[in-house]
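Structure, as structure tokens:
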Amino acid sequence: MDPKPTSMWSSIVKKDPPSKPPVNDGAPAAILGMVGNCKSTKGISIAVVDANAIIEGRQSLTNFADKFVTVPEVLSEIRDPASRRRLAFIPFTIDTMEPSPESLSKVIKFARATGDLQSLSDVDLKLIALSYTLEAQVYGTKNLRDVPPPIQTVRVKRLPEKDLPGWGSNVANLEEWEALENETEEKSNANSKILPLKDLNMNIIASDNVSEVGSVVSHTENHEEDVQEGGKKHRRYPPKKTEIKLEGKMVVEGVDASQGQYDDDDDASDWRPAVSRSTHSKYLRRKARWEHYNALAEQEIQKDQEADKARHTKEANETHAKDSGKNGEDISSILKDMRLEEESLRALQEETEETNAEATLINGEDDIDHDIEVEAEGIDVANQALENLEIASEAEDTFEASSIGDDGSSEQSWSLRALSESSVACITGDYAMQNVILQMGLRLLAPGGMQIRQLHRWILKCHACYTVTPEIGRIFCPKCGNGGTLRKVAVTIGANGAIIAACKPRITLRGTQYSIPMPKGGREAITKNLILREDQLPQKLLHPRTKKKASKPGDEYFVSDDVFLNHHSDRKAPLQPPVRKAMSVFSQKRNPNDNHYSRSMH
């Protein structure tokens, strides 16, 4: 037999190509193999670590997770010899990985919405995007937010103020203080030498008591008030009279009139106090007026007492008449019932015999009792059904209220959703990264417990004209046009839902005022002259043309990232204004005339 012919290249071409393994978009094979087993005894299977977590955590990171991943740029950020030595001797390995482009774009969009984009570096954005990628591969993106929750505005007339420390309910041992207060109110120690507060009367005594030297006596008439008709009738009372007893003499409003008022001796009736005639006449007029008021008050009290007695007697007579009428009605109803019973018994005796009558009566009573029991059971069942219906309706109301209240837009719900039980976490101490991670719904671990307590939304506020803009990437104020006056402030949602805009201290102008260099002309002048207003920038720089997509109305027309990260592949870069130099001048106390690269004159 002839040997088999050798395989020609045409036969190889005709064969079907070998099947390629399925590739998941946005997820490399390393990610799929790493997140294959999500079960972990430590609670976290994969942890995305930052440079500050590696430096601060050191060997304690071993107890946090089973595997550690990061981006390659994080390892290059650790430059000092001590940190490099610690990184070389850590008891675990840190794998490097790149996030997917889709997750990176979502993180950038989310950070721009929260106002943290300018505070995050490229490495920080990649770390958050890597956490987003791993979380999406394990649990999906349903539990993650694409847009931060909207800020709810609630108009509050007056914010509730907390009690000072140690006052009111703001004490550490409130229960002990309440128990002590209740104990002192219930029983008082008679043997104690310390008087309670209710017995401290500041030396003010009643008219029936006599105090020592220097005491003040206040004479007031105590009358009984009518409880039922209180406030309906206005009573006239004599004015209060204040007397001071000084060494046996009674002084009335600064006048020593004790002898003329309280001297009961007949021999001394001709004596008068050593005062002027006008003072004595004033005293007599006051005394007459006081006696007149007392007489009127006594007459009104007598009239009121007589009226009260008449009313009480009238009410007693009415109640007695009602009771007698009720007793008569009860007696008549009893007699009527007895007559009806006698007539029914007579009719039964005439129709049937005594035995049959007794049997029918017994059966009738049993049926009546049975019917009554059935009706009672039916009433109980109906009442129980109504109670169950009310309880169900209350439960539905509470469920609806709770579901409406927790709609995911409050600060409390942000914190609860952020503390998820995911097996993928990000370990970082950067506050801007923590703000974005918590609002997205990712799990966060802070090295050393350095974690933010409140979630913030950042805006820019001009300290020259107090204009607020949500465009966090702006350099110049959109209203007054000043550069460097936009300051980053936080818009916090408090516990009651009110928006609270943070305030920063005023800027110290010392060291910021200096002469500006003269503008220069020529082709390269655009790269040398300072930029102090937004209209100094060329139109093509403010509104760059893009061939990929048309600009939308909601897009930002000026972003500093586009200015700083605008790289060209041409041999000679076009001339552009020094926006970076303007930023350095606006953000720091730097003199633009100072040239750090000049040769020393010494």
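Including glycine, each Cβ sits where the backbone N, Cα and C put it.
The feature Zn(2+) binding site is assigned by Swiss-Prot to C462, C465, C477, C480. What Swiss-Prot lists as coiled coil is 331-365. Per Swiss-Prot, the feature compositional bias 'Basic and acidic residues' maps to 301-329. Annotation comment: Swiss-Prot describes 48-134 as domain 'PINc', evidence class sequence analysis. Look at Swiss-Prot and you will find 1-25, 258-278, 301-331 tagged as region 'Disordered'. The feature zinc finger is assigned by Swiss-Prot to 452-522, with sequence analysis given as support.
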C462, C465, C477, C480 excluded, remaining Cβ within 8 Å of their centroid (Zn(2+)): A464, Y466, T467, P478, K479, G481, N482, T485, L486
Structural state census, the zinc finger (452-522) (DSSP three-state): 0 helix, 21 strand, 50 coil
Per-residue pLDDT averaged over the domain 'PINc' (48-134), given as an integer: 87
